[in-house]
Amino acid sequence: MERNGGKQQQQQPETAAPAPAPRKGAWRDGAVTYFHLLFYIAISGGQIFFNKWVLSSKEINFPYPVALTLLHMLFSSVVCFAATKIFKVIKIDEGMTTDVYVSSVIPIGAMFAMTLWLGNSAYLYISVAFAQMLKAIMPVAVFLLGTAFGLEEMNCKMLAIMSIISVGVIVASVGEITISWVGVVYQMGGVVAEALRLIFIEIFLKKKGVRLNLISMMYYVSPCSAFCLFIPWLFLEKPKMDASISWNFPPITLFLNCMCTFVLNLSVFLVISRTSALTARVTGVVRDWSVVLLSAAIFADTKLTFINIVGYAIAIVGVVAYNNHKLKPQANQQQGADSKVSPGSPLHVEIPLNSTKESS
C-alpha cells in the first residue's frame, strides 16, 4: 500500500506538469498558420503586381509574356533539380513511370504553361483589377468542362451558383470603362486552359491515384511546362526580340521575379498542408479583393466604377458558395490526413495532385 501510494505521489507531478503545454503549442501553431495565410496573400498579390510591372513598365521594357513565363519554369526546374539531385535535401517520390508521365503529367504541364502564358499576356491589354474580375468565372468553366467529361452532375443548386457567378462577371464587364477585347480573349483563354488542367488532374487522380509532395510536383511539371513554352516563344516572340533594339534584359529584376514565383508556389502548398484546400480558396478570395482595390490605387490604367464593384461582389458571392459546396468535403479529408503529419516539416507532406490548382 505504501509503495503504491509512493508511486502515485511520484507520478502526480508528471501528469499535472504537461497540462499548459498543449495550450501554448496550439497558440503557437495557430499563429504560424495565420502567418502562412498572410504571407500567401502578400506574396500572391505582390507577384501579380510584379508581373504587371515587368511586362508593361517603361522602365523595364520587357513586353514578352511567353519569355517571362518560360524563365519562371526554367528557374523552377533548376531549383528543383538542384534540391533533389545535387544537394539531395528533398527526396523525390518514387512511382513515376513513363506511361504516367506521358498520359498525365505532360497534359497537365501543357495546360499549366498555357494558363500562365495567356494570363500574363492579358496584362498587356487590360488592368490587373479587370483581369481578377474575369478570373471569377473559373468555377463556371471548371463545372461545365467537368460535366462534359462526366466528372460533374448538373443539378439545380450548382446551376444557380453558376448563374450567380456568370451574372456577376457580366455586370463587372459592363462596368469596365476601358475594355480591350484582345485582353479579354487572352484572359478567358487562360481560364479555359486552367479549367482543363484541373480536369486533367482530377482524371489523373481517379485513374492513377498518385500523390506527390510539392517538390516532386514542381520537379515533374516545371520542365514539361518550360518545353511547352519554348515552342511558342521560338516562333512568336524570339523574332520580335531579335528585330527590336528597344527591349532590355535586367538580370537582377528578372531573377527576383522568378524567385518570387517559386516562393509563391511553395507558399500555396504550405497553406494547403497546414489548413485545407477550402481555406486556401477563401484566402484566395481575400487576395483577389485586395488586388482589385490596391491596383486601383497603384496603376493609372485601373479605374473602378460602381458597376465594377457590384458585379464583382455578386460573382464573389457565387464563388464562395461554390467553394463551400464543392471543396468542404475535400478539405475535411485533407485536414484528417494532415493531422497525422508533423506541421514542422511541410515540405515532406504528401499532398494530392489536385491541390496544385491553388497555384494559379
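Note that Cβ sites are derived from N, Cα and C of the backbone, with glycine treated the same way.
The region 'Disordered' annotation in TrEMBL covers 1-24 (among others).
According to TrEMBL, the feature compositional bias 'Low complexity' maps to 8-18.
According to TrEMBL, the feature transmembrane segment maps to 31-50 (among others).
The domain 'Sugar phosphate transporter' annotation in TrEMBL covers 38-323.
If you look up TrEMBL, you'll see 62-87 (among others) marked as transmembrane segment.
Per TrEMBL, the feature transmembrane segment maps to 99-118 (among others).
What TrEMBL lists as transmembrane segment is 124-146 (among others).
Taken from TrEMBL, the feature transmembrane segment applies to 158-179 (among others). Packing against the transmembrane segment (158-179) from elsewhere in the chain are residues 126-127, 130, 133-134, 136-137, 139-140, 143-144, 152, 301, 303, 305-319, 321-322, 325: each is 6 or more residues past its ends and has a CB under 8 Å from a CB in it.
What TrEMBL lists as transmembrane segment is 185-205 (among others). Residues 104, 107-108, 111-112, 114-119, 121-122, 125-126, 131, 134-135, 137-138, 141-142, 144-146, 149, 151, 352-354, 356-357, 360 of the same chain lie 6 or more positions beyond the ends of the transmembrane segment (185-205) yet place their CB under 8 Å from a CB of it.
When Cβ-Cβ distances below 8 Å are used as the criterion, the transmembrane segment (217-236) is approached by residues 64, 66-67, 69-70, 73-74, 76-77, 80-81, 84, 92, 96, 101, 105-106, 108-110, 112-114, 116-117, 265, 269, 351, 353, 356 of the same chain, each at least six residues removed from its ends. Under the heading transmembrane segment, TrEMBL lists 217-236 (among others).
Taken from TrEMBL, the feature transmembrane segment covers 248-272 (among others).
The annotation transmembrane segment is assigned in TrEMBL to 306-323 (among others). Within its own chain, the transmembrane segment (306-323) has Cβ neighbours under 8 Å at 129-130, 133, 136-139, 143, 158, 161-165, 167-176, 278, 281-282, 285, 288-289, 292, counting only residues six or more beyond its boundaries.
For 333-360 (among others), the entry in TrEMBL reads region 'Disordered'.
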Average pLDDT across the domain 'Sugar phosphate transporter' (38-323), rounded to a whole number: 88
Selected stretch (most C-beta pairs under 8 A with the transmembrane segment (62-87)) from 31-50, 99-118, 248-272: 248-272
